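Take a look at the structure below.
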Amino acid sequence: MARINRISITLCALLFTTLPLTPMAHASKQARESSATTHITKKADKKKSTATTKKTQKTAKKAASKSTTKSKTASSVKKSSITASKNAKTRSKHAVNKTASASFTEKCTKRKGYKSHCVKVKNAASGTLADAHKAKVQKATKVAMNKLMQQIGKPYRWGGSSPRTGFDCSGLVYYAYKDLVKIRIPRTANEMYHLRDAAPIERSELKNGDLVFFRTQGRGTADHVGVYVGNGKFIQSPRTGQEIQITSLSEDYWQRHYVGARRVMTPKTLR
C-alpha cells in the first residue's frame, strides 16, 4: 500500500512538473521566431530606405550636373557672341579707316613767307561720288557753264562782275559761282588760288568747272584765272581791249604761266 502511494505521489509530481513547462516552452519559441522575423523585416526596410536615399541623391547629383553643364554652355555661347560682335566691329572700323585713307590724298600748297596749307583731295582711283552727289555736281556745273558761255564776246572791264558792266578775269568767275556754292568766292585771282575750301587739282584731273590759274605779271602766286570747259580749253576775260573768249591751255604762253588748278564745286561746297 505504501508502495502504491509513493508511485502515485511520484506520478503526480511528474505530471505537475510537466504540464506548466510545455506552454512556456512553446511561448518562448514563438517569441524567438517573432523577434527574428521583426529583425529581418527591419533590416530589409533599412536596406530599402538606404537604397532609396542613394538613388535620390544620385538623381539630384545628375540633375545638378546637367544644370551646371547647361549654365556653362549658355555662358560660353554668350561669350562667343560678344567676342564675335567685337571682332565684327573691329573689322568694320579697320575697313572704314582703310577706305578713308585710300580715298583721300593730302595735297599742300606752299606760299612764300607763309606756312604750307594742306587739304585732303579725293583720289581719282578711289571710285566715283555717290550717284546723288554726282548728279548734283553735274547740274550745278551745267548752270555755271551756261552762265559763262552767255558772256562770250563781251568786253573786258577791270573790276567788272556783271553782264551789265562787263567782267575782269576774277569777276567772271565770281559771277558764275556766287549763287551755286555756299562758300564765299573772293574777288581776286590770288585769293581764289589760296581759297581754303577749294581742293588742289592736278592738270591731268581737270574737269568742267575747275578754276585754272596763271602768273602773268609776277604779282602774288597767281594774278589771272579762267574756268576749264573741257577738251583742254578754258574760258577767260583776258585783258583790256579784248573780249571774253575760249582759249587752249596748250598754247605756249599759257603753258609757261600756268601755276595750278582748284575745284570749288563739290558736294560739300554746293548749296
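If you go along the chain as it appears here, the first residue is 1 and each next one adds 1.
Each Cβ is built from the backbone N, Cα and C atoms, and glycine gets one as well.
Now, the feature entries from Swiss-Prot:
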SIGNAL    1-27  signal peptide
REGION    27-102  region 'Disordered'
COMPBIAS  55-64  compositional bias 'Basic residues'
ACT_SITE  Cys169  active site, nucleophile
ACT_SITE  His224  active site, proton acceptor
ACT_SITE  Gln236  active site
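Locations of recorded Swiss-Prot features on the structure.
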residue	record	DSSP (3 states)
Cys169	active site, nucleophile	helix
His224	active site, proton acceptor	strand
Gln236	active site	strand
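Residue density at His224 (active site, proton acceptor): 24 other Cβ atoms are found within 10 A of its Cβ, drawing on all protein chains shown. A sphere of 10 angstroms centred on the C-beta of Cys169 (active site, nucleophile) encloses 25 other C-beta atoms. Looking at Gln236 (active site) and Cys169 (active site, nucleophile), their Cα atoms lie 6 Å from each other.
Rounded to a whole number, the distance between the Cα atoms of the residue listed as 'active site, proton acceptor' and Cys169 (active site, nucleophile) is 6 Å.
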